[in-house]
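*Asks:* Shown below is the structure under consideration.
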Amino acid sequence: MASVRVAVRVRPMNRREKDLTAKCIIKMEGNKTSITNLKISDGNAGEVLRDRIKTFTYDFSYDSMDSKSSPFVSQEKVFKDLGSDVLRAAFEGYNACVFAYGQTGSGKSYTMMGNPGDAGLIPRFCEGLFTRIAATTRWDEASFRAEVSYLEIYNERVRDLLRRKSTQTYNLRVREHPKDGPYVEDLSKHLVQNYSDVEELMEAGNINRTTASTSMNDVSSRSHAIFTINFTQAKFDSEMPSETVSKIHLVDLAGSERADATGATGVRLKEGGNINKSLVTLGNVISALADMSQDGGNTNLKKKAVFVPYRDSVLTWLLKDSLGGNSKTIMIANVSPADVNYGETLSTLRYANRAKNIINKPTINEDCNVRLIRELRNEIARLKALLVQGNQIALLDSPTALSMEEKLHQNEARVLELTKEWTNKWNETQNILKEETLALRKEGIGVVLDSELPHLIGIDDDLLSTGIILYHLKEGRTYVGREDASTEQDIILHGLDLESEHCRFENQNGKVTLVPLGRAQCSVNGVQVTERSQLNQGAVILLGRTNMFRFNHPKEAAKLREKRKSGVLSTFSLSMTDLSTSCENLSTVMLYNPGLFTEKGPVFLRLEFERQQREELEKLELKRYKSEKLLAISSFFCIWKSGFS
């Protein structure tokens, strides 16, 4: 059990407040924050005076009004107090959440993201995370993996900030997993190796975020933003494997606002309405959870059922675990010091005061296999103790003792097997991801494997195969053959009509060439090749009768994409004759060489390939027809125009 930790931070007066000659109504001493209602005169006494000054106690009260004053609290101080706790929680295997709450223009985005040269909590946390990872990895104490995602909730719709703008990114759906809780379907996750990777993604996301100017704030956030880090660490602790997964939510909320104060109309008014709706729901959730916690602490009263309206807004649904669930949570309430914002500031302080009463239930998120290993080890220790006890009372030869000994040996063997599997799995994953030429990222529910080098992707004819094979073609020569070859082969294959030393790929000066060795059966796009053949992006390669690959050349593909964007490479530049011939050749080879595929072979591959080629031909034919029609119309107008001149 852990209470939500609450901090309050007051910003300096802004230009608008100075123009209105606003007076300061916030005072902070230690962890206490006081707010003064200037409409009640100072001369009153008793209850009236108590209504004039209201004092709240929080975990932290940060005075950031005047950078020249001694009590001024900097971004670094905020991170040391709050960010370091979140960092510690991540390395201990807990989920954590930090969110900034307050009216529009109260300094939430500054606290969370900061300004150039004065970083906020989110960038400082990410930098601290990778600094500690580097220090731990240097001594081989543990291995780590980190993925990030970045979303915004705009007008109650979820949008991925790390994907190119499209209709698909604007209305992602929120789902709920029975064990892992709420999540966003099709949200991209990006593997990051260092802080510069995170910084790049953060900048890209911030550029895509929706902001606008209002009377209260020149750069007002018109959406709630959630930056999430999924952090996995694995290590051996006292010869015991340990693997934990932490989910860190860093949330920058849009501010509550009054239409008369912001001067919002039209789209801005609708945005403000949706922002206020989600923040009201957040307030209701905080109140309900605070009531539950207070009722739980009072044993004299009968517990009443309290409904927590998580699903009344997308924001509260996504933060369900962070509020009253499996997470260590910190709330930063940002307020204005000006008397013109008295109502909004008092409301923020009251919600922050209630949030202190929320009780979360954070637990260490341990890998299920690692938990099983630990439980088996505990069982082994218990059985050994029982056997020792049985030996002392001369029951070692009894059936009970023998069955216990047998169970002990089974558990020990199972522990060894599971530990070995876990170690091999983690080491292989880390070794692959350490290659600078390879990157792994998540696109929605899919995983995208990016490689900088030319490579082959296996098209497997085994219906029981569930893996994806990628072979890098590094600079120089890559030899392909069987395991029994006289010289060591870089790529080992099996199958019909595969020679012990079958072929080689030569990667020189950015060009990749296939060189068959001897009479080895090799074909490119359905055409049998017996001599050196240069490969182009997307080529389909068949080695022997059963080993089929697609050839990818990332640099060549990137150049073609750029040409297509700039209009230099049009669809008409693709030779329809070559495309048709390639399709016919591949179909002919497959049709008249049925031995190229086993009985279980992927006949559907040929049909799919032919279907795709037919569609491509139809598209090209349609575009050519439209182009000829446009040319004809253009010629007509030229002739018509010349007739008048």
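Even glycines carry a Cβ here, placed using N, Cα and C.
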*Asks:* Quick test of your reading of TrEMBL: among 79-127, 275-323, 373-421, where does it put coiled coil?
*Replies:* 373-421
*Asks:* Could you tell me the mean pLDDT the prediction assigns to the domain 'Kinesin motor' (3-358)?
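*Replies:* The answer is 82, the mean pLDDT of the model over that range.
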*Asks:* Inside 10 Å of the Cβ of GLY105 (ATP binding site), count up the other Cβ atoms and send me the figure.
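*Replies:* A count of 27.
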*Asks:* With every protein chain in view, what's the tally of Cβ atoms within 10 Å of the Cβ of GLN103 (ATP binding site), excluding that atom itself?
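*Replies:* I count 25 other Cβ atoms within 10 Å of it.
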*Asks:* Let me spell it out: for each of the binding-site residues (GLY102, GLY107), count the other Cβ atoms within 10 Å of that residue's Cβ, using every protein chain shown. Which one has the most?
*Replies:* GLY102
*Asks:* Neighbour count first, Cβ atoms within 10 Å, every protein chain included; then name which of THR104, SER106, SER109 tops the list of binding-site residues.
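*Replies:* Max Cβ neighbours within 10 Å, all protein chains included: SER106.
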